[in-house]
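Take a look at the structure below.
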Amino acid sequence: VHWSAEEKQLITGLWGKVNVAQCGGEALARLLIVYPWTQRFFSSFGNLSSPSAILGNPMVRAHGKKVLTSFGDAVKNMDNIKNTFAQLSELHCDKLHVDPENFRLLGDILIIVLAAHFAKDFTPECQAAWEKLVRVVAHALARKYH
């Protein structure tokens, strides 16, 4: 994947403003609410019975932070995303059996969360760069499935 200097700047510039705990928790909660079938991967998280239960669930927030922290590794290693996510791809494929389509859905949700938090900075050019990044990350996570 080739990244232009402008794409890298748009991604790293916005990433520097992201509150990983807040945006990560919100992104995972949105995923579980908007796409309820994804909840089956999180049965150990306790109460996921309603949107308010999901939004208030500390395990959802903690795992969302973990997910977005790991996404930060993509931002730091934009020229080597495939290798950066090799182990996570293996885990999600072989052990957790996550449908790789869910990675794309989470990427879409992350775009919405970033746009909501950074409306002024989230220009069409910025969105295009982030859309490319979430596609590349989703593809890297799905790599073990191919």
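Note: Cβ is positioned from N, Cα and C throughout, glycine not excepted.
In the predicted model, the domain 'Globin' (2-146) shows an average pLDDT of 89. The domain 'Globin' annotation in Swiss-Prot covers 2-146, and the record cites sequence analysis as its basis.
As annotated by Swiss-Prot, heme b binding site applies to His63, His92. A 10 Å cutoff on Cβ-Cβ distances gives His63 (heme b binding site) a total of 17 other Cβ atoms nearby, all chains included.
When secondary structure is read from DSSP and collapsed to three states, His63 (heme b binding site) falls in the helix class.
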